[in-house]
Amino acid sequence: MSLCSLAFTLFLTVVAGIKCNVTDVCAGSPGIPGAPGNHGLPGRDGRDGVKGDPGPPGPMGPPGGMPGLPGRDGLPGAPGAPGERGDKGEPGERGLPGFPAYLDEELQTELYEIKHQILQTMGVLSLQGSMLSVGDKVFSTNGQSVNFDTIKEMCTRAGGNIAVPRTPEENEAIASIAKKYNNYVYLGMIEDQTPGDFHYLDGASVNYTNWYPGEPRGQGKEKCVEMYTDGTWNDRGCLQYRLAVCEF
């Protein structure tokens with residue numbers, strides 16, 4: 001058989017084995033796989049993936065440049081709370097002795113001027129009848145009339161004491177002030193627990209008296225002593241208003 005006849009016979013055999021449906025679509029047997037094709041063109045970029053975990057820290061970089069200039073001073077802060085009181089220090093060394101006061105001419109001049117001013121003031125007040133000097137005592141009044149306790153407080157605040165005569169001369173000085181102001185004067189003494197016995201405010205016993213005849217006769221009910229304008233004394237209650245006279 002020639003090659004052409006053999007080929008034709010095979011063709012008919014293949015055609016005879018093919019089944020066709022009424023739609024004239026024939027289903028052939030799977031053919032032999034062809035050779036792989038060439039690579040296609042690159043596809044488009046895909047979507048961004050999910051964020052990954054942080055990587056490990058990188059190595060330390062090289063040193064930086066030179067440090068900058070110092071900045072300006074800031075504003076002062078608020079004062080802090082006071083600290084605790086420290087311990088008392090040791091006494092310092094004794095200083096050199098100073099010059100005697102009588103050698104300081106400037107000090108002597110100042111003292112002389114002060115003394116002169118005091119004497120002038122005392123002279124003016126004496127002329128007004130509000131102050132009298134007897135020995136080393138000075139008796140003075142501000143012209144107010146108040147009770148015994150108030151007079152005592154006023155005199156203490158002024159640096160003195162309520163006036164009390166301890167000699168006839170002092171008694172006369174206080175009496176002249178009482179007569180000038182036409183008012184009785186409380187004296188700086190008070191009755192003891194024993195009626196008729198009196199003592200000074202410092203606790204000492206009275207060593208000079210000038211009672212009006214028949215006085216004292218308060219029988220313990222009149223604890224204070226007043227001076228009349230003629231200089232005589234009388235025991236009296238301490239709540240009356242009398243001229244305030246102090247002694248310095």
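Even glycines carry a Cβ here, placed using N, Cα and C.
Owing to the predicted nature of the structure, the values given are computational and were not obtained by experimental measurement.
For the residues PRO54, PRO82, PRO216, Swiss-Prot attaches the annotation 4-hydroxyproline to PRO54, which does not rule out the feature elsewhere.
Between the listed residues PRO36, PRO79, PRO168, Swiss-Prot assigns 4-hydroxyproline to PRO36, with no corresponding entry for the rest in that record. PRO70 is the residue among PRO70, PRO97, PRO165 that Swiss-Prot labels 4-hydroxyproline. Swiss-Prot records 4-hydroxyproline for one of PRO33, PRO195, PRO213, namely PRO33.
Of the candidates PRO30, PRO59, Swiss-Prot records 4-hydroxyproline for PRO30; the remaining residues carry no such annotation there, which does not rule it out for them. Each residue contributes its Cα atom, and for PRO67 (4-hydroxyproline) and PRO42 (4-hydroxyproline) these two points are 54 Å apart. Other residues of the same chain near the Ca(2+) site, with their Cβ within 8 Å of the Cβ centroid of GLU215, ARG217, ASN234, ASP235, are TRP211, TYR212, GLY214, PRO216, GLY218, GLU222, TRP233, ARG236. Across the domain 'Collagen-like' (28-100), the model assigns an average pLDDT of 78. Per Cα geometry, PRO76 is the residue among the modified residues PRO30, PRO33, PRO63, PRO76 nearest to ASP235 (Ca(2+) binding site). Under DSSP, the residues of the compositional bias 'Basic and acidic residues' (42-51) split into helix, strand and coil as follows: 0 helix, 0 strand, 10 coil.
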